[in-house]
Every structure is written in structure tokens, then in C-alpha cells.
Amino acid sequence: MEKDAKIYVAGHRGMVGSAIVRQLEKEGYHNIITRTHKELNLCRQDDVEEFFAKEKPEYVFLAAAKVGGIMANSEALADFMYENMTLEMNVIHEAWKNGCKKLMFLGSSCIYPRMAPQPMKESCLLTGELEKTNEAYALAKISGLKYCEFLNKQYGTDYISVMPTNLYGPNDNYHPEHSHVLPALIRRFHEAKVAGAKEVTCWGTGTPLREFLYVDDLADACVFLMNNYSGDETVNLGTGKELTIKELTELVAKVIGYTGEIKWDPSKPDGTPRKLLDVSKLESLGWKYKTELEDGIRLAYDDFLNNPMRAER
Ligand SMILES: NC(=O)C1=CN([C@@H]2O[C@H](COP(=O)(O)OP(=O)(O)OC[C@H]3O[C@@H](n4cnc5c(N)ncnc54)[C@H](OP(=O)(O)O)[C@@H]3O)[C@@H](O)[C@H]2O)C=CC1
Ligand SMILES: C[C@H]1O[C@H](OP(=O)(O)OP(=O)(O)OC[C@H]2O[C@@H](n3cnc4c(=O)[nH]c(N)nc43)[C@H](O)[C@@H]2O)[C@@H](O)[C@@H](O)C1=O
């Protein structure tokens, strides 16, 4: 991307979109265009058509999506499918119709089969059944990835997709029920510490394994790949390291300084038992994460403390 290229970051007020804007600005890109959800609802085809025809961005980072943790996903399967499928088709299609040179579509590691061999390689896509708690979201993300691939094949575009592991960091969603596990734990342990609570209850059994990438590292990887990768196959974005949810709760409690007991509520879903990305393709392209999990949790906790409004979203 040329430093004065017109770059549209969709979803710039979200955790990932805001990190991509920060990274682009840090690297000297100065012609970034954005629209809030209120200004442009990406599910509305006519509005998206009008926006692209007028603005004609040269590059697009598609980081807008309906996003949520395990409960949000499993309780609203229809909404997660409809909104994600609609908005990504609208954006990718209009980008192509209006001559966008390169587009990056962001998916998620939940696109891979529930029982995929671990660590999961990009090539295991569509080789088995999906995890039921996020089946709708995964199907929408697989469709977006495939639409990019099919445009490349049929029309010779250079549209790429990346599949990040579980992310966390500044501008995360700290909603107590709808968020992902890391922001949920930051909020719950902080509130327990402030209230002097003797115990905190977390969801599921604590046995599932997860991998976490700090969002500023993710944004660095996205800009790097936009400049250094072309291809139909997606690229996994992660650290290649995992821990159990129980170990994660202990780490968050340590960072926050909560010393009470941690209990488990097995009536809440565990989700996929293990979800570790094979990051050898990413590393062979020349990129590796920088932020270790404990350091990243400290940074995320600072963000939580300094952005009280964010905690209420
Ligand atoms: N968070 C994570 O752990 C992971 C995220 N990802 C991917 O990263 C991307 C961004 O996620 P993240 O930043 O966490 O999510 P956020 O919820 O923080 O941000 C999503 C953004 O998209 C906007 N948006 C949603 N629907 C629409 C719409 N119809 N029209 C216009 N804007 C819309 C939201 O605006 P508003 O808030 O106003 O609705 C918000 O700014 C997604 O593609 C997601 O799949 C992948 C793996 C893990
Ligand atoms: C990014 C990814 O995110 C989702 O998949 P997930 O990894 O299962 O998501 P999660 O972060 O919500 O949970 C991870 C684990 O943590 C446990 N857990 C404990 N206590 C809390 C808790 O308080 N909140 C939450 N949310 N989980 C908790 C929880 O029971 C589970 O075992 C999908 O949306 C999927 O579509 C997707 O892309």
C-alpha cells in the first residue's frame, strides 16, 4: 500500500478496527476513511453501494462484524448468520465492483472443524463438523473467505483473508454475558476485588484450551500481510501457544490482585475443547507475535480501568 493510498477500515470503532487504524497511522498512512455503524449500516445494500461508488477506496480492511463470546453466539444463531453474511457480502461485492485493489477479510479460528487435528492448519477448513455454539458465525465467516477466493479465481482480484485466534486488548467489549472470556474475567475479578468478594464463579469446567493474541500484535500482522501476502488460502493469526481456561483465570486473578476462591458453573457451555492455530505459514511469511499473555492482560486491564464507558457497552 502506498502511504497516501485511500484505505477504508470497516468497523473502526471496534477493538480490531481501532487497532488497525492505530497501526496504519503509526506506519504513516494518512488517507484513512471510516464510517460509524450509525452513519453506514453495512447490512443495507443500497447504502453500501452508494458509499463505495462515491469513495472508491483503494484498499479495504473488513473488521466490521457482529461479534460476541460463546453465550452471545449460541443465543442468537440467526442474527449472527444474517448480519455477518449480509454485511460481508455487501462490502466485498461493492469493493470489487468499484475497483478496490486489495481487501483483507477478517474471520476467526472457529471456522475450523470442532475436532480438527491440533494445531489447526489452514488446510483443515471444511474437513469436519463445526462447533455448535458458533456454527452460524463460522458459516458466515467461511462464506466471506470463500467469496474472496472465488472473486480471485473468477475475476483475478487480490482479496485475502486472515483467521485470528481469540483476541483481547484496548476497546474490548466487557459486557458480563455477551463478551469473550478474557474481558469477562477482567471485569469479574476487578469487581470481586473492589467488593472484597470471597469467591468468583466462572463458566464451564475450566478444562477447554484457548490461545490469545493481543490486538495490537494482530493489527501489526494485518498491515504486514496486506503488504506482503497474496493468495486464495487464508492465513492463521495467532501465537501458537495455549493454556486452559482454569490457568487463564489464575493469571487474570494474579494480574488484578484478586486472592479469593475461583468456582466453576458447569451448566454454562465449554464450547470447543481445544482451538490452537498452526502458525507456521504466518511465521514463514516473516511475522511473529510480540506481546506475551501476562503483559497483554496488564495492558488490557489498564484500558479497562481508564475507559469506564467501554465497560458498559
Ligand atoms: N474479538 C475476538 O476475539 C476476535 C475477533 N475476530 C474478528 O475481528 C473482527 C472485529 O472484531 P472485534 O473488533 O472484536 O469486534 P467489535 O464488536 O469490537 O467491533 C466490531 C465493529 O463492527 C461494527 N459493526 C457491526 N455491525 C455493523 C454493521 N451492520 N454496520 C456497520 N458497522 C457494524 C461495530 O459497530 P457497533 O459497535 O456500533 O455495532 C463495531 O465497531 C471481526 O471480523 C471478528 O470476526 C476474530 C477472532 C477473534
Ligand atoms: C473468538 C471466538 O469466541 C467464541 O468462542 P470461544 O472461544 O468458545 O469463546 P469465549 O471467549 O466466550 O469462551 C471461551 C471459554 O471460556 C469459558 N469461560 C469461562 N468464564 C467465562 C466468562 O465469564 N465469559 C465467557 N465468554 N467465557 C467464559 C467458556 O465457557 C469457554 O470455554 C465464539 O464466539 C467464536 O465464534 C469465536 O470466534
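Each residue, glycine too, has its Cβ placed from N, Cα and C.
Values in this document were obtained by computation on a predicted structure and should not be read as measured data.
Annotated features in TrEMBL:
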ACT_SITE  TYR137  active site, proton donor/acceptor
BINDING   11-17, 106-109, LYS141, 164-167, HIS180  NADP(+) binding site
BINDING   ARG188, TRP203, ARG210, ASP270  substrate binding site
DOMAIN    7-238  domain 'NAD-dependent epimerase/dehydratase'
SITE      SER108  site 'Important for catalytic activity'
SITE      CYS110  site 'Important for catalytic activity'
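Positions of the features from TrEMBL, shown on the structure.
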residue	record	Cβ contacts under 8 Å, 6 or more apart
GLY11	NADP(+) binding site	GLY17, LEU62, ALA63, ALA64, ALA65
SER108	NADP(+) binding site	TYR137, ALA138, LYS141, MET163, PRO164
CYS110	site 'Important for catalytic activity'	LEU130, GLU131, ASN134, TYR137, ALA138, LYS141, THR272, LYS275
LEU167	NADP(+) binding site	MET15, VAL16, HIS180, PHE212, LEU213, TYR214, VAL215, LEU218
ARG188	substrate binding site	PRO176, VAL200, CYS202
TRP203	substrate binding site	ILE70, MET71, VAL181, TRP264, ASP265, LYS268, PRO269
ARG210	substrate binding site	THR165, ASN166, VAL181, GLU242, LEU243, ILE245, LEU248, LYS275
ASP270	substrate binding site	GLY204, THR205, THR207, PRO208
Worksheet, complete the sentence: Close to ligand 2, in the sense of Cβ under 6 Å, among GLY11, PRO164, TRP203, ASP270 as binding-site residues, are TRP203, ASP270
Worksheet item: With respect to ligand 1, which members of the recorded positions CYS110, ARG188, TRP203, ARG210, ASP270 satisfy a Cβ distance under 6 angstroms to one of its atoms?
Response: none
Worksheet entry | Spatial neighbours of GLY14 (NADP(+) binding site) that are distant in sequence (at least 6 apart) but have CB under 8 A | ALA63, ALA64, ALA65, VAL67, ASN171
Worksheet entry | For substrate, whose listed binding residues are ARG188, TRP203, ARG210, ASP270, the greatest C-alpha pairwise distance in Å | 19
Item to complete: For each of the recorded positions (GLY17, TYR137, PRO164), count the other CB atoms lying within 10 A of its CB, then report the residue with the highest count.
Response: TYR137
Response to the item:
Mapped onto three states, the DSSP assignment of GLY17 (NADP(+) binding site) reads helix
